[in-house]
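Notes to accompany the following structure.
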Amino acid sequence: AVMQRFLGPLLCLWALRLPAGTGAAARGLDVASYRERVRAMFYHAYEHYLESAFPYDELRPLTCDGQDTWGSFSLTLIDALDTLLILGNVSEFQRVVNVLQEGVDFDIDVNASVFETNIRVVGGLLSAHLLSRKAGVEVEAGWPCSGPLLRMAEEAARKLLPAFQTPTGMPYGTVNLLHGVNPGETPVTCTAGIGTFIVEFATLSHLTGDPVFEDVARKALKALWKNRSDIGLVGNHIDVITAKWVAQDAGIGAGVDSYFEYLVKGAILLQDKELMSMFLEYNKAIKNYTKFDDWYLWVQMYKGTVSMPVFQSLEAYWPGLQSLIGDVDNAMRTFLNYYTVWKQFGGLPEFYNIPQGYTVDKREGYPLRPELIESAMYLYRATRDPTLLELGRDAVESIEKISKVDCGFATIKDLRDHRLDNRMESFFLAETVKYLYLLFDPDNFIHNDGSDFDVVVTPYGECVLNAGGYIFNTEAHPIDPAALHCCRKRKEEQWEVEDLMREFYSRKKTKKFTLKRAPDHGEGENAKEPEDASSEKAGEKRNSKKRSHSLLSCPSQSFNSKLAVLGQVFLDNT
Amino acid sequence: SCSRAKDVTMPAKLPVNFFSTKSPVIDLFRGQLDYADQLRQDSEIVLYFFYAPWCGQSIAAREEIEHVASRLSDQVLFVAVNCWWNQGKCRKQKHFFYFPVIHLYHRSFGPIEYKGPMSAVYIEKFVRRVMTPLLYISSRSKLLDFLSNYEPGVVGFFEFNASPQPPGYLTFFTSALHSLKKDYLGTIRFGVVTDKRVAEEISLVHSGSVYLHRHANTSLVYPKDIMNFTAENICKWALENREMLVRWLRPHGGKSLLLNNELKKGPALLIFIPYNPLAEIHPLLDEITKVALEYHKCNKSQAAEPDLQHLGDSDSPAFGSSVTDARLKFSETFPIAKYPCCNTVVLPQWHSISRTHNVCELCVNQTLGVKPNKVHVPHCNFLEIEAALDSFYLQEHTFFQVISNTIECSNFLSFYSPFSYYTACCRTVNRHFLSFISSEKTIFQTPKVAFSSHGKKDNTQFSIPHIEDRNCFIPDLNISSTNITGLSCRTNKTLNLYLLDSNLFWIYAERLGASRSTHLKEFAAIVDLKEEVHYVLDQNQSLVGPTLENFIKNFSVLYSPLKRHLVDDPSVHFHEQHVLTEVTTNTFHQTVFLSAKNVLLLYYAQWCGFCASLNHIFIQLARLLPPDSFTVARIDVTRNDLPWEFMTDRLPTILFFPHQRKEQSVKFPEDFSVNLPNLLKFILRHSSLSSSEPCTKECLHKESVLQQGHISHLEREIQKLRSEIGALHQAHDQLEAQLSEARREEQRLQQQKHTLEKQHKTLQLHSEQLQAIYDQKNQELLEMAEKLQELADASENLLKENALLRILVASRGGKLQSTDKVKEPLQSELTLSEDNDVSLSTATAASEEKRIDNIDTIETEHSSGNRTE
């Protein structure tokens with residue numbers, strides 16, 4: 001103690017003499033401390049949900065109780081499950097898996113949104129199933145091709161299948177989990193409600209071996225593609241019986257958003273050129289008609305005239321999507337625009353009128369959506385730009401200051417005065433917190449670049465899993481793309497590999513080796529492709545006319561991207 | 001309560017203190033803007049910090065503002081205003097798009113918005129500029145100081161002896177404040193001269209004239225006769241005509257085209273130095289400016305230059321040995337041929353924070369020892385100085401401990417020749433002093449005096465720059481050192497020069513390849529956006545004037561010796577399982593070309609979705625191929641530059657470099673899907689074929705090796721199959737268990753079915769009974785209805801009879817009227833029959849009521865029967 005008293009003043013003197021600090025900007029963010037704050041945010045919300053709201057779908061943070069919103073599935077618990085693992089809480093993950101297996105029942109007389117049930121319940125269960133081995137859950141022998149969570153996901157998905165029985169193949173928006181489509185159900189569905197199934201449904205089909213899921217999802221996607229306007233845009237709502245567009249606003253936000261997202265993610269997950277070519281066509285039209293000064297507006301889908309000069313909170317996923325396909329420059333430019341809106345309000349209003357620079361009447365809320373943070377996470381992977389961490393910092397500060405209440409985190413009802421609403425959506429724990437944490441945790445297993453992997457022996461052969469490249473569904477549930485190559489369909493490929501390896505060790509190479517073309521129109525037509533050398537050459541010729549490079553690739557980054565950080569953007573030379 | 005809870009909302013929390021109550025900053029957290037305006041009356045200088053309590057940037061800046069406030073609180077009033085709370089005055093009156101916003105007031109002048117970096121030193125510097133927008137220049141030396149600064153200077157001459165305030169002075173003062181509004185970095189400095197004699201130095205005669213100093217071009221005097229003498233005009237004129245020899249780049253962090261616009265102008269030299277705006281002197285900066293000035297000095301005969309020179313000379317006696325002023329003495333140029341053999345050597349620093357250096361002046365000394373007559377070295381010979389340096393470095397440790405301001409010299413023998421002596425004189429100097437020592441074309445005068453005082457005879461010691469990287473530098477020193485002057489006009493590769501504060505923008509340096517481990521954040525790079533190349537000044541060289549000059553010269557010459565810098569990712573973590581070989585810029589050649597294996601190389605980027613989803617395929621491939629003859633490698637091309645010929649414009653790209661034919665690399669065709677069989681076929685087709693060779697002993701050996709590999713591969717396969725069998729067994733057991741459980745379940749269901757069937761039967765019985773009851777009741781009801789019908793018929797008959805009777809009575813009545821008195825007893829009889837009629841009708845009503853009751857009971861019975869069914 002004596003020592004301390006003696007040293008105290010000395011240290012003070014020394015501190016005073018230090019040269020003036022160079023400032024917050026130079027010191028950079030303390031990433032670790034923000035990561036811990038995000039973790040604390042998660043547990044504050046999660047524990048209060050368990051305490052006050054479980055087994056209801058959502059927590060009501062102002063009244064400290066629960067309510068059912070999208071069904072009656074303990075939705076917040078399903079949605080938050082994989083976030084637990086990302087935060088490293090293995091034991092709680094295991095506990096929740098058991099709780100869900102016993103407690104959740106889909107044989108209920110409930111009208112559920114087909115879209116929401118798919119992305120939150122099916123997606124949540126699928127990702128939890130695929131991550132369960134990593135989380136130390138004892139898995140059965142057939143994993144990842146079988147398992148209790150997978151069966152639950154399949155059951156939930158089967159409940160949705162009746163919605164797809166329409167003349168066009170586009171699904172109804174709502175389905176009764178017990179009775180199927182209600183008589184007199186409205187045939188009007190939003191575009192995203194039709195085109196947001198391929199990631200979950202194709203995964204289900206690949207894991208279970210039942211092609212029905214992928215087939216209906218593809219059929220719905222193709223129906224939308226067929227009904228695009230002459231200028232290549234899709235509207236907001238369509239009649240699934242008559243295929244007439246009911247709402248003709250075209251844009252990248254609410255009602256359409258995850259359709260585009262799933263075209264890209266589906267293309268990556270399934271190595272599918274057809275989906276990618278659809279997206280690239282849309283991308284062209286979107287750039288032509290809706291993009292102004294790195295903002296994306298709403299236009300009439302047939303004429304291309306601007307109908308709403310509005311930025312929507314939901315549109316903020318776009319830069320992240322662009323970065324996945326290598327359009328990092330444009331992504332960053334748009335991101336910086338969106339970031340200015342956050343700086344103005346401490347959140348993103350549902351609608352923001354761009355020319356007026358203010359919120360739009362009745363659309364001033366911010367339900368703690370994840371989209372801008374999601375984009376920041378993707379872009380940070382690509383650029384390591386500290387500006388993106390700054391957005392993370394701003395998000396943590398805002399959410400803690402504005403929406404934290406005793407019982408959780410409340411939706412902001414009005415960004416102009418920060419009034420709160422009695423709701424905490426399940427995506428807050430599934431997405432917002434997850435992306436924030438991942439932004440501040442660059443070494444998380446989710447960011448694995450292939451330097452780490454697991455080898456799993458299944459009855460279908462040996463699989464390499466968890467090698468990175470996770471595809472997040474639109475509710476931020478990660479899907480391991482390697483798992484899709486693990487079940488059922490593998491045998492033929494394995495035999496082929498065996499043959500080739502034999503060839504490898506034989507002294508005389510007898511065969512001529514011809515490569516198999518990537519399936520252009522889904523895997524079903526794979527077998528029809530003739531396998532002779534001439535087809536390869538012909539194919540090359542045919543394709544070289546259409547395009548100069550593979551659709552399933554990113555452009556490498558330009559030289560000036562080295563300097564495109566801290567808000568600096570570069571214009572194309574073209 | 002359930003429905004009410006849906007509408008529950010909560011207003012935002014009430015604002016609380018943002019700054020601590022002990023802070024020197026006044027915190028108006030309720031947004032009291034009116035009070036903030038009142039406060040402004042109290043202080044000459046006021047800083048407003050408008051914040052939003054939720055804003056991360058405001059929170060980060062809070063600390064910086066407090067720091068500045070603690071240093072300036074006696075002169076400046078710091079007021080923080082919460083401009084977010086919607087009940088507060090500030091929010092109602094001001095509409096900000098971002099936070100925090102910093103406004104400064106100099107008395108009534110303002111607001112001046114600060115838009116610079118949110119860093120205490122920069123803010124403090126700016127506040128100080130607002131406090132004293134005009135620098136009072138009292139003497140010639142101060143004027144010289146003022147003008148020699150690298151930032152443009154504007155000088156106004158105002159004579160104060162005539163009136164209390166000379167005309168135009170206020171305008172000039174305001175223009176200085178005004179410039180801070182536009183030029184928030186404060187690059188233009190304003191000074192005022194009141195002494196006529198000082199003013200004459202810059203040819204200002206009339207009070208009220210304004211002068212803009214320029215180094216490379218002619219300086220200007222404000223054209224009063226053309227433009228009105230207003231604050232805005234002066235400011236505009238200065239901004240338009242200022243010279244930008246070397247420009248600070250300070251990106252503000254928001255979306256900006258600053259670098260785009262600057263770098264598109266042509267190749268740029270970016271110099272990163274740590275910069276403290278509050279420091280009194282910036283020696284390194286002065287040195288860089290000097291280089292810039294030389295570089296841009298296209299026309300040597302200038303009006304302003306001799307003026308200054310003259311000023312410097314005439315003033316020189318006044319300067320003591322003060323280090324700051326020493327540079328003025330070094331302004332004359334000497335032809336390089338006359339230089340004797342001397343070299344300045346900077347000893348390595350003990351630790352990087354130290355701002356002092358040990359500097360030694362190393363000279364070849366032929367006056368000592370035996371001097372052979374025939375050997376005559378008129379000029380400084382390259383070999384001589386090389387030899388001297390070598391010897392010197394061997395003795396270096398003896399000079400390490402010198403920490404004094406006096407010069408200490410010692411002589412030592414040449415390492416190579418017994419006839420040569422070297423003299424080394426060392427002293428410790430502040431870092432900035434270095435610049436003068438080592439800058440070329442200067443005489444090192446101070447040490448010269450010192451040398452002679454030490455009694456040495458060789459008092460013609462001049463310095464030439466010493467660059468540690470001697471190999472490339474010294475040979476071309478003679479040619480190049482003379483022609484940096486005005487080089488910008490002579491070359492067709494003109495460079496624009498930029499400065500960046502490495503305290504704030506070091507990330508750009510790292511992006512260009514600056515080492516991350518270095519403590520000293522100094523870095524220089526030439527960036528050519530059009531050619532998509534950049535060159536980097538070797539970081540082992542200290543960033544001083546001569547190295548910079550040399551860098552510029554090397555860039556400018558026709559056959560530039562500079563090599564395109566390839567940025568390398570030093571943080572490559574090797575795979576735990578060592579399956580894929582991670583290639584970097586540095587290991588590329590080694591791994592791909594020098595290895596005696598077939599190499600499959602994947603170009604990828606972590607962010608590209610199409611690459612990441614293929615990871616598992618390449619891992620599988622690498623596990624499959626024999627590791628002694630195949631390498632599966634990959635390179636992250638976002639973090640690793642490669643020579644042009646190996647670059648690719650799409651990702652992923654897969655190249656195969658066959659063993660012994662590495663130059664004949666083949667690309668995996670893009671049109672084919674990347675999967676295991678395709679990759680194997682691709683490799684098989686292109687790997688070296690051995691079948692055509694006649695089989696010699698060597699070939700047989702190869703064959704056996706190959707087969708050995710095959711055997712081990714098959715063994716691996718067997719192992720795999722074994723584990724697969726294991727898995728299948730497990731699955732089988734599991735299935736068995738499930739099956740038996742299912743059987744049990746089936747049995748249970750069967751039983752359940754039986755019980756249910758029984759229940760069904762009893763229910764059916766019950767329902768039959770109920771049906772019977774129902775039928776019976778129905779029957780009864782029908783009977784009842786019939787009876788009622790009868791009753792109704794009867795009553796109808798009665799009614800008819802009644803009517804008949806009435807008619808009868810009426811007719812009788814008529815008759816009776818005629819004969820009333822006679823038939824009186826008959827009337828009483830009639831009344832009696834009417835009474836009878838009434839009692840009958842009540843009986844009918846009662847029976848109807850009864851019927852309704854009956855139906856009701858049947859109905860309830862019927863429905864209850866339904867329920868039990």
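Even glycines carry a Cβ here, placed using N, Cα and C.
Look at TrEMBL and you will find A:1-25 tagged as signal peptide. Per TrEMBL, the feature active site, proton donor maps to A:Glu116, A:Glu350. The active site annotation in TrEMBL covers A:Asp257, A:Glu371. Taken from TrEMBL, the feature Ca(2+) binding site applies to A:Thr474. The compositional bias 'Basic and acidic residues' annotation in TrEMBL covers A:517-542.
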Between A:Glu116 (active site, proton donor) and A:Glu350 (active site, proton donor), the C-alpha gap once rounded to whole angstrom:
19
Measuring Cα to Cα, how many angstrom lie between A:Glu371 (active site) and A:Asp257 (active site)?
11
How many whole Å apart are the CA atoms of the residue listed as 'Ca(2+) binding site' and A:Asp257 (active site)?
9
C-alpha of A:Glu350 (active site, proton donor) to C-alpha of A:Asp257 (active site): distance in Å?
14
Cβ-Cβ under 8 Å from A:Asp257 (active site), same chain, 6 or more residues apart: which ones?
A:Ala192, A:Leu314, A:Glu315, A:Tyr317, A:Thr474
Using a 10 Å radius around each Cβ and all protein chains in view, which of these active-site residues has the most neighbours: A:Glu116, A:Glu350, A:Glu371?
A:Glu371
Other CB atoms within 10 A, centred on the residue listed as 'Ca(2+) binding site':
25
Where A:Glu371 (active site) sits in the secondary structure, as DSSP reduces it to three classes:
helix
For A:Glu350 (active site, proton donor): DSSP state (helix, strand, coil):
coil
